[in-house]
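Per Swiss-Prot, the features are:
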type	residues	note
BINDING	His564, His568, Cys666, His670	Zn(2+) binding site
MOD_RES	Lys74	N6-acetyllysine
Amino acid sequence: MSKSTAEIRQAFLDFFHSKGHQVVASSSLVPHNDPTLLFTNAGMNQFKDVFLGLDKRNYSRATTSQRCVRAGGKHNDLENVGYTARHHTFFEMLGNFSFGDYFKHDAIQFAWELLTSEKWFALPKERLWVTVYESDDEAYEIWEKEVGIPRERIIRIGDNKGAPYASDNFWQMGDTGPCGPCTEIFYDHGDHIWGGPPGSPEEDGDRYIEIWNIVFMQFNRQADGTMEPLPKPSVDTGMGLERIAAVLQHVNSNYDIDLFRTLIQAVAKVTGATDLSNKSLRVIADHIRSCAFLIADGVMPSNENRGYVLRRIIRRAVRHGNMLGAKETFFYKLVGPLIDVMGSAGEDLKRQQAQVEQVLKTEEEQFARTLERGLALLDEELAKLSGDTLDGETAFRLYDTYGFPVDLTADVCRERNIKVDEAGFEAAMEEQRRRAREASGFGADYNAMIRVDSASEFKGYDHLELNGKVTALFVDGKAVDAINAGQEAVVVLDQTPFYAESGGQVGDKGELKDANFSFAVEDTQKYGQAIGHIGKLAAGSLKVGDAVQADVDEARRARIRLNHSATHLMHAALRQVLGTHVSQKGSLVNDKVLRFDFSHNEAMKPEEIRAVEDLVNAQIRRNLPIETNIMDLEAAKAKGAMALFGEKYDERVRVLSMGDFSTELCGGTHASRTGDIGLFRIISESGTAAGVRRIEAVTGEGAITTVHADSDRLSEVAHLLKGDSNNLADKVRSVLERTRQLEKELQQLKEQAAAQESANLSSKAIDVNGVKLLVSELSGVEPKMLRTMVDDLKNQLGSTIIVLATVAEGKVSLIAGVSKDVTDRVKAGELIGMVAQQVGGKGGGRPDMAQAGGTDAAALPAALASVKGWVSAKLQ
């Protein structure tokens with residue numbers, strides 16, 4: 001009996017654990033502090049800084065089953081998903097890693113043992129082929145002489161992509177970053193399937209399938225293409241779980257493995273589909289995996305960056321559901337079956353199931369409102385098409401008006417053998433994309449990519465000032481030996497009391513100084529294991545090796561500490577008041593305010609906001625001790641400690657507890673006791689994305705300032721109403737009631753005046769071929785009264801055509817009324833359109849009543865004068 005996908009995943013991890021590897025949990029699909037990546041797309045992403053020598057772990061061997069998404073940027077598989085046997089937006093990458101420990105020999109031997117040993121995967125040795133980089137003689141000899149693979153099944157692959165190192169067997173994560181030669185292992189499905197070995201003209205067939213890529217990490221590729229040797233040669237391997245499952249379960253398509261068969265059946269059930277071979281089922285089964293896990297990792301549908309990629313995938317799935325005949329929202333119903341089939345890999349998703357389902361349901365409902373109209377428009381345009389390409393302007397209109405991502409439009413067109421002018425689409429979107437780029441958080445400044453080989457010791461928990469030594473200086477991202485007065489720079493010290501931005505808490509400000517210089521620190525950031533002090537040298541000069549006194553801005557740090565501790569209390573309070581589905585989606589803690597984004601599907605009610613405030617202030621009054629303990633990550637999680645969204649943790653973590661009320665993993669700075677916070681007040685609650693709410697709050701002196709401001713406003717209002725704060729509500733109700741009464745009386749007077757004006761106007765009507773025509777410009781009449789006047793005049797005049805106009809604040813308001821017995825010859829909409837066009841406006845309406853506006857008041861007399869001739873021509 002073949003292994004299930006879940007069993008294969010576990011067997012891989014167990015094998016490498018038996019070889020001394022640390023089993024490391026999958027990292028988030030949102031890369032941590034890596035502006036070069038849209039999504040985690042390989043197992044090694046979370047170890048990138050380790051390969052670069054910027055981060056250190058307490059293990060030198062690791063193994064993971066990493067969740068990955070490839071649907072945007074360089075690694076974009078979206079258009080092929082559902083149409084091929086092996087393309088996915090979401091997949092799991094099984095991997096083993098060596099950080100300066102073993103290298104080529106052991107990496108190859110481990111792979112061969114796992115694949116061929118009867119105890120593990122037991123694949124037939126004669127079915128396995130390998131490739132090596134053309135010049136990698138060492139790997140070739142290991143495969144031939146130690147493993148024993150015949151020469152005819154070992155293939156050298158050179159630079160086959162038109163540039164040095166551009167090869168299927170020279171791996172690189174992106175345009176920059178860790179890279180090196182690799183050896184790939186292929187499985188031969190047999191001669192009953194078309195295809196040839198790698199490197200042959202028939203290599204794109206499905207007979208020989210790559211199942212494992214073993215990268216020998218030796219270089220760090222720079223932006224200019226140069227290769228810098230990594231500190232220690234390392235190993236990075238990747239084996240797609242879905243691919244190896246297909247091999248071990250004796251099927252040729254990933255969509256035929258147990259995991260996808262189960263999901264496809266679930267899709268068929270919720271959509272009502274009966275043909276299980278329909279490719280739309282495969283598309284949806286794939287897309288629920290990427291969408292659910294992206295949302296669980298904090299990505300929300302939007303029109304920018306990661307959120308837009310998520311929206312594209314959701315809408316593609318919804319459109320395929322529509323093709324299958326789904327009559328109601330269905331996509332969110334697949335989260336439960338997905339959790340079941342993912343086994344232990346779905347535990348994080350299960351904790352957020354309700355939140356993920358709600359986000360998917362809301363997004364599907366929003367798109368469903370425009371999907372049918374958009375598809376109808378696309379059908380119309382395709383029916384009119386004379387060539388084989390849909391113009392970019394139409395594709396953009398579908399995106400802008402109906403929310404159709406261009407790849408969804410391309411999907412529909414491809415089914416009819418029609419191409420989309422994507423260049424034209426991009427041109428139409430250029431201005432919007434420019435604005436999106438300006439608003440985007442992607443693309444870090446030059447400081448973000450600084451490489452610092454040294455480490456800094458943070459001593460800011462216990463000290464706000466201490467002496468340190470300059471170990472590195474950077475100007476414009478480049479290392480320098482010295483800086484002079486007036487220069488902006490990043491200063492790295494061997495030890496520092498300055499807190500570097502992390503976990504939502506901003507970096508410290510302060511001063512680095514001695515008798516000969518003063519450096520104003522405006523921000524503090526992490527660079528690998530180093531802490532960089534960002535600022536400007538105000539006076540003197542500074543060089544590497546100098547001793548400095550580092551002084552943190554104590555008052556600012558104190559305010560930050562209060563806000564950070566209050567954030568923890570508020571997080572716990574939100575979970576008590578709203579439910580345990582609340583999880584942190586982002587935060588900002590500075591010296592003025594705390595901002596907290598969290599998962600919740602609706603605006604908080606006033607009583608809920610008050611309950612959270614009261615609960616936090618109750619903990620402040622309890623004056624609970626705020627304690628920190630260092631412990632193993634797993635022990636901390638077992639204790640119930642909550643982890644912060646988007647943060648990466650070491651195996652040993654800092655656990656912050658506030659009595660029995662709050663326990664979280666946190667490396668930030670905090671008050672000593674909750675009583676230090678003094679007072680907590682929520683100043684705003686709003687939505688930031690589907691299923692995400694944001695609270696801003698203040699503490700201590702900031703909270704007291706808001707209390708005083710509220711009191712001052714109440715006093716001012718009481719003074720204006722000639723009352724006092726004790727009876728202010730009664731006073732306001734009285735004023736509002738009096739205002740309503742006066743507005744009612746005023747409206748009655750306006751209606752009486754309009755009726756009188758209508759009576760006066762009726763005598764000015766002229767006869768045109770048996771129909772009374774009345775055209776008039778009125779002064780001092782509100783635009784909204786024109787309709788009432790037209791109704792009155794139609795009742796008085798019988799068979800009639802009426803055009804009234806008024807000008808207010810330079811804007812023209814027009815209305816046309818036509819009695820129903822005349823609408824077969826004169827339509828109010830056409831008449832008003834003719835007049836509006838002459839005054840720089842447009843409008844429309846029913847055949848018997850239409851309204852319009854305009855901007856050219858000077859042209860109004862001539863426009864009204866043209867009505868008689870236009871009507872006469874229509875009535876002949």
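Glycine residues also receive a Cβ, built from the backbone N, Cα and C atoms like all the rest.
Of the chain residues outside the Zn(2+) site list His564, His568, Cys666, His670, Gln505, Arg561, Ser565, Thr567, Ile626, Leu656, Glu664, Gly668, Thr669 have their Cβ within 8 Å of the site's Cβ mean position.
Here the Cβ of Cys666 (Zn(2+) binding site) has 27 other Cβ atoms within 10 Å, regardless of which shown protein chain they belong to. Taking the Cβ of His564 (Zn(2+) binding site) as reference, residues of its chain lying under 8 Å away and at least six apart in sequence are, in sequence order, Gln505, Val589, Leu594, Cys666, Gly668, Thr669, His670. Every protein chain shown contributes to the tally, and the Cβ of His568 (Zn(2+) binding site) ends up with 24 other Cβ atoms within 10 Å.
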